[in-house]
Amino acid sequence: MLSTDSLVSATPCSGESTNALQEREKVQNLFKSAQDGDCSRLVRLAHTDFEGQEIDKIRDGRGRTCLHFAAQAGHTEACRLLIEELGADADSATEDGDTPLQLAAAAGKLAVCKLLVSHGAHVWRDNVSSPQPLHRAAAAGNVPVVRWLLDNGTPVDLPSPAGTPLLWASGSGQVATSKVLLEAGANPDVQGTDGVSAILMAAAAGSSAAVRALIKAGANVNVKATGAVTPLHTAAECGSLETVEALLEAGADANARDSGGHTPLSAAAHEGDRAIVELLLSATKPYCPDWTVEGVLEAARNGDDINGLQRDQPDQNDTLPAVSVPEASEPDEAAAARHKRLGDEAFVAKDYPKALSSYTQSLHHSTSSHLPWANRAAVHLQLGQPEDALRDAQIARSLSPAYAKAWYREGLAAGKLGQWEAAANAYFSGYQADPTNKVLAQAFQDAVAEGRKQHQQTQAEA
């Protein structure tokens with residue numbers, strides 16, 4: 001049997017003077033034999049290089065064992081050998097909670113899944129903080145594995161920190177597994193973090209087929225997430241024409257407003273998406289004089305009101321610094337839109353590093369829209385980068401002073417930096433753009449209070 005706490009510290013049975021590089025190579029060879037399904041080599045290495053040690057304690061930097069590698073690669077006989085002859089635990093978990101069964105399910109290795117369960121692996125568990133096999137298989141689109149897991153007792157609406165299996169499938173745009181889950185009784189209106197529903201996730205993924213499957217199952221097309229965002233807002237902003245069509249056909253409200261008062265048409269217009277603007281135009285109540293595709297697109301480019309808010313633009317407070325908008329280094333509007341869409345999908349999935357990379361790529365190709373700047377500011381805030389968030393939010397609100405979210409993110413970033421006066425000014429400008437926004441009103445009051453407290457502390461220390 002084998003034993004070690006990490007890949008680097010694995011100790012061969014002989015040659016105590018072997019340096020760390022050689023030790024690492026021996027462990028890597030062991031893992032590779034498991035990953036390749038090379039049973040004879042796996043046994044030989046186990047008995048020559050690691051005799052007398054526990055196999056499950058040899059792990060890589062992510063906590064994966066030989067069985068994890070063999071299971072993910074679909075090597076049934078290697079898995080059987082590891083469990084039956086070398087003593088591997090069929091249910092061993094990594095530091096992130098990944099079991100061999102989860103990896104096999106995600107990879108669609110049904111035979112391995114069956115073997116692992118026959119040797120004691122849990123099909124599902126209560127009260128765990130990590131995704132389970134059904135979530136992984138649903139997101140990967142592995143229909144046979146999903147059916148088998150359901151047939152073996154996994155609850156169809158099994159929760160996880162990122163939602164039920166249907167949310168995982170919808171967010172990945174997996175139509176086939178979404179249909180299987182819905183046929184098995186999954187709740188089509190299930191909502192995850194921030195009220196994000198399966199149909200909104202499918203809209204963000206740009207999967208009109210998944211959206212139609214959810215509609216057929218009775219999903220509410222007008223369900224609202226935090227910020228009063230609807231699936232139609234999401235589809236319009238993400239540029240999925242077929243999804244917008246599907247939602248409108250199912251009765252989605254084209255006049256629905258998010259918490260900033262913006263309609264789906266506004267979202268599409270600010271993205272410069274002519275096809276979606278044309279589709280939504282006749283379904284949306286007119287709010288600007290030239291209510292044509294060209295007129296709405298031009299109004300959006302100029303920052304004019306196309307939402308019927310009839311409010312003055314926020315005052316340009318002298319205490320709020322003027323910012324310049326950099327030029328795109330490689331202008332390409334189509335590439336910019338594509339990368340922004342990828343950023344939106346990553347942000348919804350809470351993959352903030354990927355979202356940051358995608359929004360940055362979008363701005364590499366076009367810097368004229370406020371949305372990628374504002375969205376990247378939100379990502380910087382999630383990643384604990386307030387200086388970068390402040391810069392991006394300031395550029396966003398300079399491009400679109402009526403966009404209250406940009407002012408709000410500028411206020412958040414300034415507050416993180418202890419710049420309470422600047423935060424209060426940003427919140428106030430945002431509130432001028434959206435006087436019904438109670439969050440901005442409260443944020444302004446809180447920033448004023450923090451600024452007063454900071455001033456008093458400075459005076460006391462002087």
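Glycine is treated like the rest: Cβ placed from N, Cα and C.
As given in TrEMBL:
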REGION    304-334  region 'Disordered'
REPEAT    62-95  repeat 'ANK'
REPEAT    96-123  repeat 'ANK'
REPEAT    129-161  repeat 'ANK'
REPEAT    161-193  repeat 'ANK'
REPEAT    194-226  repeat 'ANK'
REPEAT    227-259  repeat 'ANK'
REPEAT    260-282  repeat 'ANK'
REPEAT    404-437  repeat 'TPR'
Quiz item: Under 8 Å, at least three CB pairs between the repeat 'ANK' (129-161) and the repeat 'ANK' (194-226) (pairs 6 or more apart)?
Solution: no
Practice problem: Kindly state the mean pLDDT of the repeat 'ANK' (161-193) in the predicted structure. | Solution: 95
Self-check item: Cβ contacts under 8 Å made by the repeat 'ANK' (194-226) with residues that lie 6+ beyond its boundaries
Solution: 163, 166-167, 169-175, 178-179, 182, 188, 232, 234-235, 238-240, 242-243, 245-247, 250-253, 256, 341, 344-345, 348
Quiz item: What residues in the same chain, six or more past the boundaries of the repeat 'ANK' (260-282), come closer than 8 Å to it by Cβ-Cβ distance?
Solution: 227, 230, 232-233, 235-237, 239, 241, 244-245, 248, 254, 291-293, 296-297, 299-301, 306-307, 309, 333, 337, 340, 369-371, 400, 403-405, 434, 436-437
Quiz item: If you run through the repeat 'ANK' (129-161) with DSSP, how many residues end up as helix, strand and coil?
Solution: 17 helix, 0 strand, 16 coil
Self-check item: DSSP-derived helix, strand and coil totals, residue by residue, for the repeat 'ANK' (227-259)
Solution: 17 helix, 0 strand, 16 coil
Quiz item: What is the number of residues in the repeat 'TPR' (404-437) that are helix, strand and coil, as DSSP sees it?
Solution: 27 helix, 0 strand, 7 coil
